[in-house]
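Enquirer: So that we are looking at the same thing, I have put the structure below in structure tokens.
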Amino acid sequence: MTYSDPYFIERLMMEFPFLQQMREYIGSFGIRLEDFAEPGMERLVEKAVSRVEQALVHGVRASYGTGAKPSEEEILSYPLSIALVAMLEDSYATRRFATVEAERYSRLFEKIDPGNVRDVLYFVAREVLRMDVKLSNPPYEFRIHFTDYLRYSVKLNEPRFKLVNRIMDRGYVPLRRPEMLTIIKNALEEYIEERLRSIGRIPTPDFLKPHVERLRNALETRRWRETEQARSKIPLESWPPCMQALRQRLLAGEHVSHFGNFTLAAYLINIGWETEQILQLYAQRGDFDERIARYQIEHIAGKRGGGTRYTTPSCRTIQTHGLCIEEGRLCGGIKNPLQYRRKPGGKEKR
Ligand code: SF4
């Protein structure tokens, strides 16, 4: 199957409503904004509002990307979701919606038949995102021009993504499939955000005012929660040395044992981090699987299973796993990393 195959285009259209072909398909229905006020359109409106609300409040949910094809209802309500985000006139909402949509699409890419993923990624990179990209041979199936690579890898913290650590072949950077997926996810985020900004201001019609109000309230709740959390969060320099080391290894793409991952996640939950923030930290890893990571974090936080919230393992347990730093010399005899406090001058105390 190649991207000139009409069936290939149709399948892509159904799953990725931002494609030009999909916009034309939706356009062929001749739907205007005021048509959503007609009797019988309530379900489409609710779909569109829920999609935005879900993105603003919850981010990418575990239920996303189940492999089920979107219904026609979902497809036709998509342009209204975009219009609703524009009506909010809020740059935080724009950014968040773009991030969540990009994450959702990247999960859909993972669901595509492995035999076709290479063609799909190539199509989206070249035809939608206008990247200078070439197909190559495994394990480096893609070669992307270094200017595109730099543009979309700049936000990635893992050292392996830094250009100095990459091979460069006549101006092109060879990439493995998961690396290409990460680059495409970043590019999609930028693409969707630009599209939303380019729409500009849309006056809210009367029939949508209560819905836009509902979304504004959801946005305010989200913002308030984030501010509260930022206030209560312990700054990185005040984390115990073992937790700083685990975070460092995670960001460096080094192997972290199951116990190490559990310990860091339990620590973050207990100092007040939310699932979404912990996911963002773990998302820096190349082998990140959002569905599994979310399940594990929610399990530790007591939101799944028996509802038990796990505390951070004791220093003694962490020591037996070889993850304590300098045998606790820096920590003043504490029993649990949650007891660690660092004085403003830099000295640790209990
Ligand atoms: S003493 Fe406890 S808090 Fe300090 S590094 Fe060791 S395990 Fe971590």
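Any Cβ shown, glycine's included, is placed from N, Cα and C.
All TrEMBL annotations are machine predictions without curation.
Pulled these from TrEMBL:
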- Cys242, Cys315, Cys324, Cys331: [4Fe-4S] cluster binding site (BINDING)
- 235-325: domain 'DNA primase large subunit C-terminal' (DOMAIN)
Enquirer: Taking the Cβ of each of the binding-site residues and counting other Cβ atoms inside 10 Å, which one has the highest number: Cys242, Cys331?
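Expert: Buried the deepest by this measure is Cys242.
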Enquirer: Using the Cβ center of Cys242, Cys315, Cys324, Cys331 as the [4Fe-4S] cluster site position, which other residues in that chain lie within 8 Å, going by their Cβ?
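Expert: What remains near the Cβ centre is Pro240, Pro241, Ile318, Gln319, Leu323, Ile325, Gly328, Ile334, Pro337, Tyr340.
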Enquirer: Around the C-beta of Cys315 ([4Fe-4S] cluster binding site), how many further C-beta atoms are within 10 angstroms, looking at every protein chain?
Expert: 22
Enquirer: So what sits near Cys324 ([4Fe-4S] cluster binding site) in its own chain, CB-to-CB under 8 Å and at least six residues off in sequence?
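Expert: In sequence order, Cys242, Cys315, Ile318 meet the Cβ cut-off.
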Enquirer: Do you know the mean pLDDT across the domain 'DNA primase large subunit C-terminal' (235-325)?
Expert: 86
Enquirer: Helix, strand or coil for Cys324 ([4Fe-4S] cluster binding site)? Use DSSP.
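Expert: The three-state answer is coil.
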